[in-house]
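Comments concern the structure below.
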Amino acid sequence: NKSRKRRNRVSFLGAVTVEPPKPIPLTWKTEKPVWVNQWPLPKQKLEALHLLANEQLEKGHIEPSFSPWNSPVFVIQKKSGKWHTLTDLRAVNAVIQPMGPLQPGLPSPAMIPKDWPLIIIDLKDCFFTIPLAEQDCEKFAFTIPAINNKEPATRFQWKVLPQGMLNSPTICQTFVGRALQPVREKFSDCYIIHYIDDILCAAETKDKLIDCYTFLQAEVANAGLAIASDKIQTSTPFHYLGMQIENRKIKPQKIEIRKDTLKTLNDFQKLLGDINWIRPTLGIPTYAMSNLFSILRGDSDLNSQRILTPEATKEIKLVEEKIQSAQINRIDPLAPLQLLIFATAHSPTGIIIQNTDLVEWSFLPHSTVKTFTLYLDQIATLIGQTRLRITKLCGNDPDKIVVPLTKEQVRQAFINSGAWQIGLANFVGLIDNHYPKTKIFQFLKLTTWILPKITRREPLENALTVFTDGSSNGKAAYTGPKERVIKTPYQSAQRDELVAVITVLQDFDQPINIISDSAYVVQATRDVETALIKYSMDDQLNQLFNLLQQTVRKRNFPFYITYIRAHTNLPGPLTKANEQADLLVSSALIKAQELHALTHVNAAGLKNKFDVTWKQAKDIVQHCTQCQVLHLPTQEAGVNPRGLCPNALWQMDVTHVPSFGRLSYVHVTVDTYSHFIWATCQTGESTSHVKKHLLSCFAVMGVPEKIKTDNGPGYCSKAFQKFLSQWKISHTTGIPYNSQGQAIVERTNRTLKTQLVKQKEGGDSKECTTPQMQLNLALYTLNFLNIYRNQTTTSAEQHLTGKKNSPHEGKLIWWKDNKNKTWEIGKVITWGRGFACVSPGENQLPVWLPTRHLKFYNEPIGDAKKRASTEMVTPVTWMDNPIEVYVNDSIWVPGPIDDRCPAKPEEEGMMINISIGYRYPPICLGRAPGCLMPAVQNWLVEVPTVSPISRFTYHMVSGMSLRPRVNYLQDFSYQRSLKFRPKGKPCPKEIPKESKNTEVLVWEECVANSAVIL
């Protein structure tokens, strides 16, 4: 061997001498001397340092120095009582060019062939046997100080590798590696592991091992290195690199983790670093250490305080238990390795096995780079990572990879997943999904969220479509079959959009297609079902992402989500629907929501004041918790005479609001024409209080012509009558003990109280502290904001302008004269909620009637009278066109047969009459003039195909009530038409001559096929 010849020389006595190894010079970033002052040392440590320095001086490891460089030196006492020298070389290391590690990781003892005998040796003082380059010695000088500076300090410099120097491990590995190279070449069939100064030799037989060891001893000695005789291991159990090695098994050395020293981030960082080092042997999945990893979150200062939580304490106990029981196996060099991937919680777990013997565990980091990492991508990443590990261990790819996927899922992964393609690139082995039958893996906690189950990659057929949007002002919304606006605490459009998507997934328990104009939210929603969510310092974002994942996983029906570009001029329904969702979070809608939160104004008032649609205004009211509860069903309004102009007729009453305390007597006045309300809170209801209230009304509303009250003592007193006569006001009272004569003001009392409750419990009007302030806010809402049914302006506008826009004013009408039981032609003067005022003709007093006694006609007055006089009836037959009934909002169709009783004539068709009539005059079904009259039981109702029910038979019996039965109610959505036509064979067009016009038309030739319409 040439290198051996260079090292060895024959002396004149014939003995072989060993030349010292040639030193490796260091590369320096600067030649400027680095001097760090030596700190004082206690007398005991100073004496120990002198002894150690003399010992090293005698061995030739140090020499006296006059170097301009200096590093502090100190000593520590070991458990054995011996002292050890250490030099603080941090400042010197900063100016040394690093050589880089030659062994970036520990060798795995699992690669030692099973049943092979071993010998383990440790090199004695390895660093001190390797010289420094002569030009580098002065840079490692140190000073031994004198107490009280009574004598000059003693200075030395290192001639050998000092402990703590940046490149000492690399230089040591290089020297030892050179010494072992001849051994590896001669005994290539032996398995030799060398790490720093620890050397392990394994051979197939004991004789070969002894030969290898003998040759190794000589080579080590020739290199100037020495073997520590007290650290030679030749029998089991062997201890090497923290492991206990037996003939076939490998176990971690028994240790106990001290928990009392875990105080700072640095303490936990070191602990988890040590645990991660032995995790491939322990087999602790990532999910089982989540609480320990979570402690590392937060402040990045190494000295920042940390608390060991009870959950983390349990995980440390698990680590200690695993250290006591875990074991892996030495391999058979002739058998291939396999990789098993288990779908464990949090992230997948990999296991390297040989046959059924465990070789090593493989895990992914607890935290990821990406915010969302799909579980399939995690599997692919773990496969790629473990393939590299196996190649590093034995130089080959695994023979087989077992994954928790079916063959079809594997095929789809190769097509659709880039991460999968990278993780399995150039793999020529077998991909299988059959796991070996063994109990050693049964403790793993598996997950089912590997591939998406709820999220779809293609649009769903026959599913609802919902559009979402979010704004940066704390509003999220969606539109589709229904609309909803959600108030959020966030000032981010992306987060509000995320809230909108979460709300849609919660509100619609059926298959849906979601369209969003946020690419970020769309991608997050697509991935979140099976994704590992990266922890963020933003708690709000963590909560949103976790809620999104929980919502998706709890769904029973699939969904599809896609992205649409916002604010484009592209045509089509998708763009329009997205704009509609955008409008829901627009400033007008937000202002409408804010006003409703303050005043609880009704939907008509919101639409009148803001640029919002009817549906948006109604949704605001319907989603208000106070208004939803307080909008109770009301009875059909009766007919109370009303004024035909402002201040023509007032109604006045006193109601009680207990929450007002002493001022609980609330005097209420309402103008029966404009519905303008004024109220004052008083301490009583005597005449003086009534007069005080009326003066307040005059200041706001003006002076009325007539006032109607009940028969209370405050209203019937002479003092009150005198007061009214002074103001030229006539006074009437209702029937004693009958509140129906005061129906308008009684209903106003309820409306006012309801508004007070809304505003009190609504939460946005806390500034109104006194009773009168609360009353004023309610009056402002009712008079100046709310718009009531069949009106287009507020009560205040009607009262101040005298203009009342009745939707049917001036139209011809059929009205029922209850005295004569006849129907007459008249003209509408005004039309209100459940009532109307009709002019019977010239020079006749107007008649107040309930709307159920009114029917419209779209004919000239002459034709109508002629039609009425002849009592003409017109049949509707099968051959006629279907009658279209347009739905204004939603319609509740009565059940097939209501057999409870024949109803009153005026009740016939009541349900349908109230619900329909959007484009045409109201159409009713039943026995009443102007109603469609079925003469038979079976009619066919055709519902458009967009409805979930396409066809059903509508049964009716002549003269029967059309009241609905609860179990037969059917809801039809907004603005859809119902087509009614007779069912059966065609009937003759001509009416039989013997039929009577006033009777139900029944044809013998066609029973079940006709109806009459007046």
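Note that the numbers count up from 1, one per residue, in the order the chain is shown.
Cβ coordinates come from backbone N, Cα and C, glycine included.
Within the DNA-binding region (811-859), the DSSP-based counts of helix, strand and coil residues read 3 helix, 28 strand, 18 coil. Annotation source Swiss-Prot lists DNA-binding region at 811-859.
Secondary structure at Asp517 (Mg(2+) 1 binding site), taken from DSSP and collapsed to helix, strand or coil, is coil. Swiss-Prot lists Asp469, Glu497, Asp517 with the feature Mg(2+) 1 binding site, giving sequence analysis as the kind of evidence.
If you look up Swiss-Prot, you'll see Asp469, Asp582 marked as Mg(2+) 2 binding site, on the strength of sequence analysis. In this structure, Asp469 (Mg(2+) 1 binding site) is part of a beta strand by DSSP.
According to Swiss-Prot, the Zn(2+) binding site annotation covers His596, His600, Cys624, Cys627, on the basis of sequence analysis. Here Cys627 (Zn(2+) binding site) comes close to His596, His600, Val621, Lys758: these same-chain residues lie at least six apart in sequence, with C-beta atoms under 8 angstroms from its C-beta.
Residues or ranges marked as domain 'RNase H type-1' in Swiss-Prot: 460-590. The predicted model assigns the domain 'RNase H type-1' (460-590) a mean pLDDT of 82.
Feature annotation from Swiss-Prot assigns motif 'LPQG' to 161-164.
Within the same chain, residues 103, 106-107, 120-123, 126, 169, 172-173, 176, 240-241 sit at least 6 positions outside the motif 'YXDD' (195-198) and bring their C-beta atoms closer than 8 Å to a C-beta of that stretch. As annotated by Swiss-Prot, motif 'YXDD' applies to 195-198.
The zinc finger annotation in Swiss-Prot covers 587-628. Here the zinc finger (587-628) has long-range neighbours at 471, 473, 475, 477, 482-485, 487, 755, 757-759, 761-765, 777, 780-781, 785-789, 791-794, meaning same-chain residues at least 6 beyond its ends whose C-beta is under 8 angstroms from one of its own.
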What is the separation, in Å, between the Cα atoms of Cys624 (Zn(2+) binding site) and Glu497 (Mg(2+) 1 binding site)?
21
Among the binding-site residues listed here, Asp469, Glu497, Asp517, whose Cβ has the fewest other Cβ atoms inside 10 Å?
Asp517
Cβ packing number for His600 (Zn(2+) binding site), 10 Å threshold
29
Across all chains shown, how many C-beta atoms besides its own are within 10 angstroms of the C-beta of Cys624 (Zn(2+) binding site)?
18
Glu497 (Mg(2+) 1 binding site) in three-state DSSP notation
helix
Around the Cβ of His596 (Zn(2+) binding site), how many other Cβ atoms lie within 10 Å? Please give the count over every shown protein chain.
27
